[in-house]
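The structure appears below as structure tokens.
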Amino acid sequence: MAKHPREDGAPWLHIACLKGWHILACKLMDAGADPLELAPNQTSALDCAIMVGEITIAKSMLERGMNVATHPSALQESLYWAVRAQSMDAIKLLVEYGVDINVHDESGWPPLQLLISNGADIEDIKWMLEHGADPNARNDSKGRTALHAATGIDDVPTMRLLMEHGAKVEVADWEGRTSLHASSMLRHLAAMEFLIDNGADIEAQEHDHRRRAIHHAALGGDVDTVKALVAGGADVEAQQDGGRRALHHALVQGHEDIVRFLIDAGADVNAQDDDGHAPIHLAANYGPLNVLELLTECGADLNAKHETGWTALHFASSTGENDIVDRLLGLGLDVNERCLCGGTPLWVATRKGHASTVRLLLLRGADADISGGGQGGVDAWTPLFVASRNGNDAIVEILLEHGVNVDAVTHDGYTALAEAILQGHERVASFLTAYTTR
């Protein structure tokens, strides 16, 4: 019986370990059962004993001559199970028998890092470090260290212990992210403050987009982490790839408190990224209205132009944010300002299909016959032509109500009616036909 599995394939020694039958397990081994024989699920009896915390059985197995010299890979696999089970008794037993405390599991995790990620007790972490666990060992997949792991759960006592045992605060993972980057991305204020106090490079840049901690913090929405970074010396004007600053990120996410803090800390309210996005453009595009109001109060240039020639009014019109469109018009922006392709805010709103914005712009004096499209507007597509081409009958009706020129032609000689017919938009074609024949 010692060597023959049950009908379900499980060797009897495995069953004895899982049930905690120590005496039976010893008798089976004395009768020739192999503690390292694998069950169909690829676990050994030793693994089973460790998984269920039967340390006495595991010790009896090891005392029968199993050691790293004779069974290196098998005992290392057992350590992985001990770490997954967070069984320090099993870990200590295996290390006592010579198992390498730093060998990674099949997923590439060092034992110390996996224990920390799973919230192991600090005394257990201390034992690991005192018995040779490398605080700077990286996991294989991301290149992160134990300090990254402790930062990830905002565990400052463990972070302090790691650094007392030689953990390096400046180590970055394969993506170039340090533990400080991690704390800013996760909004872990306590971990962040500890890292700053212990010499973390506050201006370290990750590989992807060359972002710094302050960029991640501005994106994340926690003003306290942004404040901590600035207090630690972070440059509020630092640029990532593309010229994006922390203020740009805060505006994209609509984080009013961070926007206000950054401006108070010296952020340039008119700084443009490499594509020409000024803060006022981002506020107009993403909102909310109170963020736009904040920028105007702080001196933002309302007439700043993007590299396409778009103004803030173009951006607001493209998203259909009527409260922002209305406010910008109230602040004096030109309703008929043309971008490099000749398009006005009305042309942009029409192309994006925002009927209510089209109506608002017309009521505020937009010229419905200004054409755009192509460099300098050479395509000569009027808003009516654009709406007809897109089959947007609601906008076509609005434009017709405001007396638009239905006979305007493109540089190819097409009218809005011809384009509607060409595109198969019967309802639009019928509106236009009725209008021209009335």
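Even glycines carry a Cβ here, placed using N, Cα and C.
The list of residues near the repeat 'ANK' (74-106) in space but at least 6 beyond its ends in sequence, with Cβ under 8 angstroms from a Cβ of it, reads 36, 43-44, 46-47, 50-51, 53, 55, 58-59, 62, 66-68, 112, 114-115, 118, 120, 124, 127-128, 131-134, 137, 139-140. Under the heading repeat 'ANK', TrEMBL lists 74-106 (among others).
Within the same chain, residues 79-80, 83-84, 86, 88, 91-92, 95, 101, 146-150, 152-153, 155, 157-158, 161-163, 165-168, 171, 173 sit at least 6 positions outside the repeat 'ANK' (107-140) and bring their C-beta atoms closer than 8 Å to a C-beta of that stretch. Per TrEMBL, repeat 'ANK' is recorded for 107-140 (among others).
Per TrEMBL, the feature repeat 'ANK' maps to 142-174 (among others). Long-range Cβ contacts of the repeat 'ANK' (142-174) within its own chain (Cβ-Cβ under 8 Å, at least 6 residues beyond either end) map to 110, 112-113, 116-117, 119, 122, 125-126, 129, 133, 135-136, 180-183, 186, 188, 190-191, 194-195, 198-201, 204, 206.
Taken from TrEMBL, the feature repeat 'ANK' applies to 175-207 (among others). The average per-residue pLDDT of the prediction over the repeat 'ANK' (175-207) is 97, rounded to a whole number.
The repeat 'ANK' annotation in TrEMBL covers 209-241 (among others). Proximity of distant same-chain residues to the repeat 'ANK' (209-241), defined by a Cβ-Cβ separation under 8 Å and at least 6 residues beyond the stretch ends, is recorded for 180-181, 183-189, 192-193, 196, 202-203, 247, 249-250, 252-253, 255, 257-258, 261-262, 265-268, 271, 273.
Summarising the annotation, TrEMBL assigns repeat 'ANK' to 242-274 (among others). Sorting the repeat 'ANK' (242-274) by DSSP state (H, G, I as helix; E, B as strand; all else coil) yields 19 helix, 0 strand, 14 coil.
According to TrEMBL, the repeat 'ANK' annotation covers 275-307 (among others). Here the repeat 'ANK' (275-307) has long-range neighbours at 242-243, 247-248, 251-254, 256, 259-260, 263, 269, 313-316, 318-319, 321, 323-324, 327-328, 331-333, meaning same-chain residues at least 6 beyond its ends whose C-beta is under 8 angstroms from one of its own.
Annotated repeat 'ANK' per TrEMBL: 308-340 (among others), in sequence order. Taking Cβ pairs closer than 8 Å, the repeat 'ANK' (308-340) reaches residues 276, 278, 280-287, 289, 292-293, 296, 302, 346, 348-349, 352, 354, 356-357, 360-361, 364-367, 370, 372, 375-377 in its own chain, all 6 or more past its ends.
Sequence-remote contacts of a segment are chain residues at least 6 beyond its ends whose Cβ falls under 8 Å from one of its Cβ atoms, and for the repeat 'ANK' (341-373) they are 308-311, 313-314, 316-320, 322, 325-326, 329, 335, 379-387, 390, 392, 394-395, 398-399, 402-405, 408, 410. Annotation source TrEMBL lists repeat 'ANK' at 341-373 (among others).
For the repeat 'ANK' (379-411), DSSP puts the residue distribution at 17 helix, 1 strand, 15 coil. Feature annotation from TrEMBL assigns repeat 'ANK' to 379-411 (among others).
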